[in-house]
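Everything on this sheet refers to the single structure shown next.
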Amino acid sequence: MLEEDMEVAIKMVVVGNGAVGKSSMIQRYCKGIFTKDYKKTIGVDFLERQIQVNDEDVRLMLWDTAGQEEFDAITKAYYRGAQACVLVFSTTDRESFEAVSSWREKVVAEVGDIPTVLVQNKIDLLDDSCIKNEEAEALAKRLKLRFYRTSVKEDLNVNEVFKYLAEKYLQKLKQQIAEDPELTHSSSNKIGVFNTSGGSHSGQNSGTLNGGDVINLRPNKQRTKKNRNPFSSCSIP
């Protein structure tokens, strides 16, 4: 475990073509709501949720990035400092599936190889699917990514996506702290680890934690109860 007065915060970016359900996904996860009306994200939206993972307090900061090319310059700036990524395509949108590799390259170009999952959303619309199951599975295998099929509308496997990424990042963080204990004792707190024993702090990314931008945050020391998702995972290792 990390030290008692330390809080973990993870910046996750959710990327993919427009209209694949990125905004709906983080709305569902953070607020428990689903809105079927599509509104194009202009630039970047942000939501957060605090959870517990293996008895550790973890704050997830979810950045929903626009899927249109005209916002590329804006959204790329928000990739910086990301520690995990959700790559999303839609069951009913062939173009979004074919664009996955391009989105992956954009993220890697900005932040390197961070914990990432591939998500096929809208599986409640399988009757209208434009992608064969074996195609999606082959893409996940080629990119060497964990693969989830989700339905934001039915709240299927949404929690599992973010829980998996949080667990993967915690593993990485603990390994880094084991190699360099000073990560938890530096005078400037980092996105990734916060000292919550004082007042409000600023979170600054370190080179080892992918970034160099500063984001002001107010750590929350309240512990949350573990959430149980009634759906079983349909992920592919």
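Including glycine, each Cβ sits where the backbone N, Cα and C put it.
Checked against Swiss-Prot, the residues SER187, SER200, SER206 yield a single entry marked phosphoserine: SER187.
If you compare SER186, SER197 in Swiss-Prot, the phosphoserine annotation sits on SER186.
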